[in-house]
Amino acid sequence: MSQLQEMMTVVSQREAAYNIFEMVLKGTLVDEMDLPGQFLHLAVSNGAMLLRRPISISSWDKRAKTCTILYRIGDETTGTYELSKLEPGAKVDIMGPLGNGFPVAEVTSTDKILIIGGGIGVPPLYELAKQLEKTGCQMTILLGFASENVKILENEFSNLKNVTLKIATDDGSYGTKGHVGMLMNEIDFEADALYTCGAPAMLKAVAKKYDQLERLYISMESRMACGIGACYACVEHDKEDESHALKVCEDGPVFLGKQLSL
């Protein structure tokens, strides 16, 4: 077994919000986790499901050798539904961490950081915020969800230092009514860097509003097959060269905003 593949152990699993599960995994792969925004490629035990499931890493604890993932389940025919049935002690065949993550080394204590997340794109932003907290920078975090019953990680973000957290829900059941773009309109400062992950429509809106920001980092969500750049199933167009295919699994999932043609 290579260092990028391991049978990790399920430590715990719970339904964190409606149809969104939180799984804690333990294994030596955690030693390889350094950049927030990378993902794991999980094999589903059901033999009929050949493709692995890419799931972003929400956080990790290197001393405990554990990491946490959050994922939305589908119906009973889906691989994520199968994953949600795993109990503590179960083994999961995992490759990772894969892809390029969010750069944090350049952030300083004087930076004003804007983090924008939507739905199931929120989890990888939590480890990012944890690492940014260590720099002493000021963070404004905008999160959008469909409704209160699918809201995740609010307490975790709130417990970080130097954080201003705002939440919007489409139906107005929690926080500001409307999509996360409405929260963007409330920002009255110039961000030094922006990190975002969420649905394509949200990412497009962020990229349009902040297209002049040099340090704009966008994490793309995409269906994947191989997870290592061999199959070209998860491509995005290069903004500077439309004939060039950017592979989300290998070149991303995190890209500079100026790279993407959204």
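Placed from the backbone N, Cα and C atoms, the Cβ positions cover glycine too.
Just so it is clear, the model here is predicted, and its values are computed rather than measured.
Features reported for this protein in Swiss-Prot:
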- 3-104: domain 'FAD-binding FR-type' (DOMAIN)
- R53, P54, I55, S56, L70, Y71, R72, G79, T80: FAD binding site (BINDING)
- C226, C231, C234, C249: [2Fe-2S] cluster binding site (BINDING)
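Feature map: annotations from Swiss-Prot on the structure.
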{"residue": "R53", "record": "FAD binding site", "contacts (Cβ under 8 Å, 6+ apart)": "H41, L42, V44, Y71, G79, T80, L83"}
{"residue": "I55", "record": "FAD binding site", "contacts (Cβ under 8 Å, 6+ apart)": "F39, L40, L42, I69, L70, Y71"}
{"residue": "R72", "record": "FAD binding site", "contacts (Cβ under 8 Å, 6+ apart)": "N19, I20, F21, T80, G119, I120"}
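T80 (FAD binding site) falls within a helical segment according to DSSP. Each of the binding-site residues L70, T80 was assessed for Cβ neighbours inside 10 Å, and the highest tally belongs to L70. Residues R53, P54, I55, S56, L70, Y71, R72, G79, T80 are the ones the record ties to FAD, and the longest Cα gap between any two of them is 15 Å.
Counting residues per DSSP class in helix, strand and coil order gives 11 helix, 49 strand, 42 coil for the domain 'FAD-binding FR-type' (3-104).
In sequence order, L42, I69, L83, I120 are the same-chain residues whose CB sits within 8 A of the CB centroid of R53, P54, I55, S56, L70, Y71, R72, G79, T80, the residues recorded for FAD being left out.
In this model, the domain 'FAD-binding FR-type' (3-104) carries an average pLDDT of 94.
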